[in-house]
Amino acid sequence: MRASSFLIVVVFLIAGTLVLEAAVTGVPVKGQDTVKGRVPFNGQDPVKGQVSVKGQDKVKAQEPVKGPVSTKPGSCPIILIRCAMLNPPNRCLKDTDCPGIKKCCEGSCGMACFVPQ
């Protein structure tokens with residue numbers, strides 16, 4: 001083995017040892033600093049740099065937004081005849097798709113708007 005080859009092997013061993021030590025001790029690699037910018041003062045939100053309002057919970061979730069009621073009163077009529085289609089077309093998907101008091105019910109061939117019983 002020539003001296004230059006031996007020197008290259010030694011350099012790689014030293015570099016590998018240094019990388020291994022940095023990984024074990026948790027030393028951050030240059031350019032990967034965990035904290036950038038100013039350190040927030042007491043009571044300041046570290047994310048946006050704003051002071052939190054007293055009595056306001058940062059983590060509390062908001063109530064879900066309630067939309068219009070999707071079901072109308074009444075029950076769907078009983079349908080005695082069924083079509084032979086495998087996937088019949090639907091004229092509606094929910095009660096709000098139907099005008100007035102009509103409900104979206106299973107018809108003889110797909111969903112359709114019916115006057116409830």
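Each residue, glycine too, has its Cβ placed from N, Cα and C.
Over in Swiss-Prot, the protein carries these features:
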SIGNAL    1-22  signal peptide
REGION    29-72  region '2 X tandem repeats of SVP-1 like motif'
REPEAT    29-54  repeat 'SVP-1 clotting 1'
REPEAT    55-72  repeat 'SVP-1 clotting 2'
DOMAIN    69-117  domain 'WAP'
DISULFID  C76-C105  disulfide bond
DISULFID  C83-C109  disulfide bond
DISULFID  C92-C104  disulfide bond
DISULFID  C98-C113  disulfide bond
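Across the structure, C98 (disulfide bond) and C109 (disulfide bond) are spaced 17 Å apart at their Cα atoms. Distance noted between the C-alpha atoms of C83 (disulfide bond) and C105 (disulfide bond) is 15 Å. Listed disulfide-bonded residues: C76, C83, C104, C109; maximum Cβ neighbour count within 10 Å falls on C104.
In sequence order, the disulfide-bonded residues near C92 (disulfide bond) (Cα within 10 Å of its Cα) are C105, C113, drawn from C76, C105, C113. C92 (disulfide bond) has a Cβ environment of 19 other Cβ atoms inside 10 Å.
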